[in-house]
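Taken verbatim from Swiss-Prot:
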type: BINDING; residues: THR118, TRP119, TYR120, TRP121, ASP130, ILE131, TYR136; note: FAD binding site
type: BINDING; residues: MET128, CYS129, ASP130, THR274, GLY275, SER276, THR277, ALA278, VAL279, GLN280, ARG297, THR298; note: NADP(+) binding site
type: SITE; residues: ARG421; note: site 'Transition state stabilizer'
Amino acid sequence: MTIPFSPNPEQINVSSVPATQAEVQVEYTLRTKSDAIEHTSQSNRLKDLAKDPWLRTTGNRHASSGTEIPSSEQTKSARILVVGAGYGGLLFAVRLLQSGFSLGDILLVDAAGGFGGTWYWNRYPGLMCDIESYIYMPLLEETGHIPSRKYVPGEELRGHAERIAEKWKLHTQTLFRTTISCLTWDENKTQWIATASQSNSESQESNSFVISADFAILANGTLSKPKIPDLPGVDDFAGHVFHTARWDYDYTGGSPSIPVMDRLKTKRVGVIGTGSTAVQVIPQLARWAGELTVFQRTPVAVGLQENQETDRIWWSEEIDKVGPGWQRKRCENFNAFITDTRQEKLEEVMKEDKVQDGWTRFPSFSAAIGGAHNLQPDFLQLVVKVDEERQKTARQHIKSTVHDPATAEALLNSTYSWCKRPCFHQGYYETYNLPHVKLVNTAGEGVTELTRGGVLLDGKEYELDLIVLATGYDIGSLCPADRAQISVRGRKGHLMNQKWAAGPATFHGVMTRDFPNLFFPGTSQAGVTANQSYMFDRAAEHVSYIIRQAYNHVAAGFANPKVCVEPSQEAEDWWTMETVARAKAFAATKICSSGSYTISARSGGSGNVEKTARHMPWGEGMASYVKILEEWRKKGHMDGLEIAWKGT
């Protein structure tokens, strides 16, 4: 079947689009070549970086309490299994409880030793959220918590996860240090059977067992598994190496709460990477390292993050003024402004920018996440024009801030702002004015070789004592099963990743046929925005409704019914084709040379037009997507779903 898809992102001539500067085409060529040779490291030395450094194995670590599986126990059962105990998993658990399920109905599992997801694993110095904490930290209205700052540090974000778990008593229903390798649908029992393993917090041993669940939700995030680049010579390097997601305070000194890295005062430190993590960690390392060398493959645009302490008087007045539902309304106000390329405030609630930060002054980001205007014929020209003004201001700021002209030139971002997730910080560019800080521009090639002494680049050796890998996270496949690192087999043994190989097919972006009672929030065929917590919350709200209503459809008189719900073939085809019809909303991302928002990254590198279109998010943006789900629920008919049950 051929799907109309015009303009076709795969066929856009990059050179035909007005460029912000000539270097766009140069970086496109360099970065594409570099990405082609990028691999994940197979080094035995770096494989150790995947281990959890925060468990209580050395006596000075702290892990959250959870449920231990006795070695004699072989099976565990639950009505609803939630994979993931970060903000996503917690939101699903809370929304399920609010929809009427009991605490005993829910079981959460996570490979980490505590709650928090990415905020459990990431504890590097300088860590903070880059989305306003008043909209990013979930369930503020329900918990009554007031964030300390507009953008809070990582320790507070992790603490908030613990706060949510404590309020809803989720510790008693969570298995930490637990991984699931296989998830198999049992048609006869109308259950998912999970093969699980829980590691011992005090030893290297693990206990294997089975979890049976009526429903399963893959709520694991994408920012927990370190992306380790292939670096020839890494095993020969005499110094120390670690990834930012597994920070080694034993080597640097300090702790997550007090990052006084006094052991680096005489050290020569190298940082590989200049993405979102590096932007936060580089200024902190510069405060303590004897020498700091930053190896940059491609520059990133860093906007000013105007952080400040929360004014509690303002907080109370703002909540009283907006009333119940204030956090969701603030989230939706944020979503509206980051996609408002025409600067049209069509609704009363959107006339005032509530968040007022670098994000809400960045409407060209709609090129990456979709929006109400993306499907209009002149959108590509419009978004380029809007972004050119932003880029012009950013370049002027860099040139006026960084003293050395050559360094300033190397830091200039030469791609459109929507191509990579933007960064925001106070003081990143000023760091390069310090005499002991040096920027090494690899012109798109990246670091390709290590020696015993350090980094070898263009025949020159940079001697180092410590190499910090700020190389991001291994997002992996776009298939929900692969991202969860679980082999998922549905009806008749069908593998989910095999179905995804032909291109995703979903209903509302959260479920797929032949995999009944399975839900997976994600980006393909679903609404997306910069605030991932909001995305998780809307998905949790929708999935909780579906599961609750599925039970409500059970005929009276059934005791302990087994419910089976999945989309009909017609409904799945319809939603998939509706997504495909809007995929041209992301045509502007074809211009991008790199980043998680490129056509290639979102489609797994597919050159097939229809398959590429199937991988795209909902093109009309998050507000449109949420409205469709709300109207569907309001009807109350569960249209498009097949519901069956059996009981006694």
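Each Cβ is built from the backbone N, Cα and C atoms, and glycine gets one as well.
Using a 10 angstroms CA-CA radius around GLY275 (NADP(+) binding site), the recorded positions that qualify from THR118, TYR120, TRP121, ARG421 are ARG421. The maximum pairwise C-alpha distance among MET128, CYS129, ASP130, THR274, GLY275, SER276, THR277, ALA278, VAL279, GLN280, ARG297, THR298, the residues recorded as binding NADP(+), is 24 Å.
The recorded positions under consideration are ARG297, ARG421. Their Cβ neighbour counts within 10 Å are lowest for ARG421. Per Cα geometry, ARG421 is the residue among the recorded positions THR277, VAL279, ARG297, ARG421 nearest to ILE131 (FAD binding site). When the CA atoms are compared, the recorded positions lying within 10 A of TRP119 (FAD binding site) are MET128, out of the candidates MET128, THR277, VAL279, ARG421. Neighbour counts of Cβ atoms within 10 Å were taken for the binding-site residues TRP119, TYR120, TRP121, TYR136; the minimum is at TYR136.
Considering only the recorded positions MET128, THR277, ARG421, the residue whose Cα is spatially closest to the Cα of TYR136 (FAD binding site) is MET128. Cβ neighbours within 10 Å of THR277 (NADP(+) binding site), excluding its own Cβ and spanning all shown chains: 25. Long-range C-beta contacts of ASP130 (FAD binding site), restricted to its own chain and to partners at least six residues apart, with a cutoff below 8 Å, comprise TYR151, SER276, GLN305, CYS423, PHE424. Comparing CA positions across the recorded positions TYR120, TRP121, ARG421, the one lying closest to VAL279 (NADP(+) binding site) turns out to be ARG421. Here the C-alpha separation of THR277 (NADP(+) binding site) and THR118 (FAD binding site) works out to 12 Å. The local packing around MET128 (NADP(+) binding site), expressed as other Cβ atoms within 10 Å of its Cβ over all shown chains, amounts to 19. Counting in whole angstrom, MET128 (NADP(+) binding site) lies 11 from THR118 (FAD binding site) by their C-alpha atoms.
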